[in-house]
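Trainee: This is the feature table in Swiss-Prot:
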COMPBIAS  1-18  compositional bias 'Basic and acidic residues'
COMPBIAS  38-49  compositional bias 'Low complexity'
COMPBIAS  58-72  compositional bias 'Basic and acidic residues'
REPEAT    399-423  repeat 'LRR 1'
REPEAT    424-449  repeat 'LRR 2'
REPEAT    502-527  repeat 'LRR 5'
REPEAT    554-582  repeat 'LRR 7'
REPEAT    635-660  repeat 'LRR 10'
COMPBIAS  1066-1080  compositional bias 'Low complexity'
């Protein structure tokens, strides 16, 4: 019965075919349907009586004979295709000749059951069907004796095609039947092999198997029955059409034989697909009736078949429910595409308008103006009430253009679910309250950036918005305690809350929040100084689903909070983010408790927690791959060791910020190379970062890096070349902060940076240097042209310095590099004082002038370490004794004293000496490696410097002087230890010190050579730049002086001779002079008056002189690529700039 019902339902869902006479019904015969035989026969008889035309009356006998023949024909046709004789009982599987019932026998007879399924002979069915078709067609030929022979051949062809199609249907049924039989047979064999006839499980399986067989037979029976009905319908419709055709022929009308159309219809049937039956049969009957009616009503001799109209197709989408249609239209990517469909129908218009106004797309002022033009109208003036369709409003991108007036137009949006007013600084609380009034479906409100937030917003939410789930209101200073309490009490569904900078937020409200809002997953109550550990303990205990927790700049928070929490709850599995920035009283104990409670923590913000040490980083390393963001700005006690442990364990970190962590060195940059998913680096004011560390990090991370934002402001030791390599390795880089990095404060580079925020002071504007967006791409392109080509940051530093010397043609033919260096050094030593003085280094603010360059004796740099010139006379050691003492030396410490060792522990570096002397030598080893690192950094910086001309060298000169003084101090300490050992007269002490000298003499000599070569290149670079800068200074003076002289000469000529008419406008003269100078620089020197002007002194302002000397930009000369002055009053850019800098460094506002 289930199969019958399914077939019946399927037949009712069939689609109408195409009934054009020349095309035929498409796929109307290819589905299974269940029809009642009696109803079908009655319908056919009714159709025959009502639509069949009467034969023209010739004689009563002829009419009677034809009527009798028709009755005989109908009876014969019904008998031929009647399968009622095939009884259901004869088709069911039997057991010993008896039909099976629900009480199956325990005797298992699989073969007998399978044979019962083969009771239907498909060949017999095919023969019966074809016999019926043949008889029916033969009767047609007898009843229509006047048909020409050609048309009789068409009838015969139609019969053959019908028979072929019947055979195809039966083959499909037979294949399906055999497939089912084979599957059942396999199951029978499996059961037979098991031999568990008495098993209840086997009996249960047999019951299921028999039901499957019965279902298969029912399905097969229904398929054959449906096929009979389909063939019957074809024959009936063909008969009616052929009768009508014959009557038309008798009347003398020219009509088309319908046999061809029926042949096309039969050939178009696909027996392998399932299509509509019921509607297809109805369309076929409609065609027959229309054909006959046209024959009776149109006696003229025209082609009747051409007047049969095609049934207008039904648009499929119109049959879908409105909800489904809404989902389909909403899937279009571009919303403006669906605007074209507004005129399809009223239903479509309503759905499309709802989609368009559900979340209006407002990203720029033009879109806002267009949207407001509609919202200014009342609901009576518009076709639809658009306010009721709006559910989400976001004005974050047009915040500067939103005021109270514009927001008031949205009052009445009763179905509003989300309202976002981020950075809408001109809006007050009154229109916000008006918009929210009556919004009972409201879920989220974000008014970040609203300066004036009062009680009415909180009261409105408490009264009209019981479903609110998210409320973000930073800087809620003016909200009273009562309003806060009222809002919390009436917001039981609250999940996300952000109320900051409110002194009324105290322990009572926090506890109320824990009791009334148990669904909270995000809590942000930063800058709430009256909240203490006790209330937060209750809050964290109740909120088991908490994911994000922020409580910053609160000195009341101590280690007791999370230590007590560990005693109350076992864990906080949902916690993903914690922000305790500015909570200065927490220590490493808090971090340990947090890690134990929240093992899946992803984001940790501990900026300005000054008591945090490396121990916290060791604890955070337990989070492993879960950790993604770490912020340790102003955590001064963090060192490279803690960073190394953190990065080695947490390799999926994406964002790091160590701003103002002054103890971090280049080793931290090396460790950053182990983070393959790193996107953001914050190292603002990490003054120990140098070119060497940055180049190594870029080299280790490789090309196509994932970095997107890099903050290196106040890293004053960086030069242009490592930044160039960083840009070339990071194609995704969109933000680069280099504020107060002297090498980048030059007009040709700062022209690509963003304008400084409007609230910055003049000094802050001078050092501001931030590149973002297109500025980063322009900077990369400019540095490509500015920097000497290199094959990545792996180029040997010594090779770079040597090539620079060769590029200046300072090595003569046949002269070795050593000889050339000695000659160059001799020449430079004579000019060093003048070169260094010309840099104007003493004018640099903040530079320590105690390290005077006059103290550097460049002529005797090779003798800076005089300790190894001192010899120990009379001390002799055999090779066995030397090897024995060498075995006692801790060579690991000598090679790297800063590896994972205790700095306070002393290792053997001078075997045989006492503990005090060995401790002194350990200290000297550490100092030597610090010196070596400084010289390596200095060497890399100089190598980077020579790649780009006119870089700021003041800090390199300072580094050079400082390194020289370190060398002097280290030499003094070594000489003092040697003197003490020699005066002691202890042979063992002297032998131990000789072993140390044996290990380190070559290292010290190598250090001196690196320093010497770097100082030579640096001085050559300064000399070359000073020469060019002097030339530029002369050209500037000449240009200004020439313009002044030209104006005087022009005035004199006009007054005296009035011969030449020269433009008197000063700006025009300047432009003319500029164009002339740009066209040919030599024209200026060819002017007789050019050299005369150098005889006069011309005043240059200090700013101009500083620009010429140091490459600093002039604030009045900042230009963009199109030589247009940058507008520094752009509010969006200024706000964005200030936000980026502030987000990168908590104290960036103290520029």
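Numbering starts at 1 and runs along the chain as it is shown here.
Placed from the backbone N, Cα and C atoms, the Cβ positions cover glycine too.
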Trainee: For the repeat 'LRR 7' (554-582), could you work out the same-chain residues 6 or more beyond its ends whose Cβ comes under 8 Å from its Cβ atoms?
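Mentor: Cβ under 8 Å, 6 or more out: 521, 524, 526-533, 536-537, 540-541, 544-548, 589-590, 593-594, 596-609, 631, 633, 1146.
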Trainee: For the repeat 'LRR 10' (635-660), give the DSSP counts of helix residues, strand residues and coil residues.
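Mentor: Taking each residue of the repeat 'LRR 10' (635-660) in turn, the totals are 10 helix, 3 strand, 13 coil.
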Trainee: Cβ under 8 Å to the repeat 'LRR 2' (424-449), counting only same-chain residues 6 or more beyond its ends: which ones?
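Mentor: Result: 391, 395-396, 399-400, 402-404, 407-408, 410-418, 456-457, 459-461, 464-474, 496, 498.
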Trainee: Could you break down the residues of the repeat 'LRR 1' (399-423) into DSSP helix, strand and coil, giving a count for each?
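Mentor: Secondary-structure breakdown of the repeat 'LRR 1' (399-423): 8 helix, 3 strand, 14 coil.
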